[in-house]
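I have placed the structure first, in the form of structure tokens, so that the comments after it can refer back to it.
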């Protein structure tokens, strides 16, 4: 399953995983799991989280190591996000509800997730998603970004 991930995806997941592996012992607690997945653009429900945890946490000790995490993310990515999950994620980023994600809104959310990005990195993320070149990301552009593999 995890062997279907690209090197870039694995590197992204490793980075996200290590953000939440505070003590660097190679495991994350289950309650951190939801936060990690949301930082990667996934939007699991509580029930889905519980199911995923039960599936992966083989020894039932409440922590997940990186190989288990990779398997789980690969599984989750196979079930492509529903329209509603994408809309929900868009609303998280669109703080003022104007239908656009600005660089400032993106920076705010990413910072809250523990991602310290430079202004250049944030601007680059917006540029990559900004199809019509207006300097912001609208819902259609967001959907395109979330669903393009």
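All positions are counted from 1 along the displayed chain.
Note: Cβ is positioned from N, Cα and C throughout, glycine not excepted.
On its own chain, residue 32 (Ca(2+) 1 binding site) has 20 as residues at least 6 apart in sequence with a Cβ closer than 8 Å to its own Cβ. Per Swiss-Prot, the feature Ca(2+) 1 binding site maps to 21, 23, 25, 27, 32.
In the three-state DSSP reading, residue 61 (Ca(2+) 2 binding site) counts as coil. Residues near residue 61 (Ca(2+) 2 binding site) in space but far in sequence (CB under 8 A, at least 6 apart, same chain): none are found. Taken from Swiss-Prot, the feature Ca(2+) 2 binding site applies to 57, 59, 61, 63, 68.
Cβ contacts within 10 Å of residue 98 (Ca(2+) 3 binding site), excluding its own Cβ and spanning all protein chains shown: 11. Annotation comment: Swiss-Prot describes 94, 96, 98, 105 as Ca(2+) 3 binding site.
Under the three-state DSSP scheme, residue 134 (Ca(2+) 4 binding site) falls in the coil class. Among the features that Swiss-Prot reports, Ca(2+) 4 binding site is placed at 130, 132, 134, 136, 141.
Sequence-distant contacts of the domain 'EF-hand 1' (8-43) (same chain, at least 6 residues past either end, Cβ-Cβ under 8 Å): 2, 49, 52-53, 57, 62-66, 69-70, 73, 76-77, 81, 85-86, 88-89, 92, 113-115, 146. The domain 'EF-hand 1' annotation in Swiss-Prot covers 8-43.
What Swiss-Prot lists as domain 'EF-hand 2' is 44-79, and the listing cites sequence analysis.
Outside the domain 'EF-hand 3' (81-116) by six or more residues, the chain places 19-20, 35, 38-39, 41-43, 122-123, 125-126, 135-139, 142-143, 146-147 with a CB less than 8 A from a CB of the stretch. Among the features that Swiss-Prot reports, domain 'EF-hand 3' is placed at 81-116, with the record citing sequence analysis.
Same-chain residues lying 6+ beyond the ends of the domain 'EF-hand 4' (117-149) with a Cβ under 8 Å from its Cβ atoms: 41, 80-81, 86-87, 89-90, 93, 99-103, 106-107, 110-111. Look at Swiss-Prot and you will find 117-149 tagged as domain 'EF-hand 4', backed by sequence analysis.
Positions annotated as N-acetylalanine by Swiss-Prot, on the basis of similarity to another entry: 2.
For 116, the entry in Swiss-Prot reads N6,N6,N6-trimethyllysine. Following the DSSP three-state reduction, the secondary structure of residue 116 (N6,N6,N6-trimethyllysine) is coil.
Residue 57 (Ca(2+) 2 binding site): 17 other CB atoms within 10 A of its CB, across all protein chains.
Here residue 68 (Ca(2+) 2 binding site) is positioned 32 angstrom away from residue 141 (Ca(2+) 4 binding site), judged by their C-alpha atoms. Here the domain 'EF-hand 1' (8-43) has, by DSSP, the following mix of helix, strand and coil residues: 23 helix, 3 strand, 10 coil.
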